[in-house]
Amino acid sequence: GCIPKHKRCTWSGPKCCNNISCHCNISGTLCKCRPGLFGW
């Protein structure tokens, strides 16, 4: 499984969905995505 953007996450996993452009943010709480082709 994976976590959709703007949902709660932890650095230990599971991964954010579409992890080409999405990652758990600096505080390890929310999946954030870069804008662009893969960011939506």
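Using the three backbone atoms N, Cα and C, a Cβ is placed for every residue, glycine included.
What Swiss-Prot says about this one:
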type     : residues    : note
DISULFID : Cys2-Cys17  : disulfide bond
DISULFID : Cys9-Cys22  : disulfide bond
DISULFID : Cys16-Cys33 : disulfide bond
DISULFID : Cys24-Cys31 : disulfide bond
MOD_RES  : Trp40       : tryptophan amide
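Annotation: Cys31 carries the greatest number of neighbouring Cβ atoms among the disulfide-bonded residues Cys2, Cys31 [cut-off 10 Å, Cβ to Cβ].
Comparing the Cα of Cys22 (disulfide bond) with the Cα of every entry in Cys2, Cys16, Cys31, Cys33, these being the disulfide-bonded residues, the smallest distance points to Cys33.
Among the disulfide-bonded residues Cys9, Cys17, Cys22, the residue whose Cβ has the fewest other Cβ atoms within 10 Å is Cys17. Taking the Cβ of Cys16 (disulfide bond) as reference, residues of its chain lying under 8 Å away and at least six apart in sequence are, in sequence order, Cys2, Ile3, Pro4, Lys5, Cys9, Cys22, His23, Cys24, Cys31, Lys32, Cys33. In the three-state DSSP scheme, Cys33 (disulfide bond) falls into the strand class.
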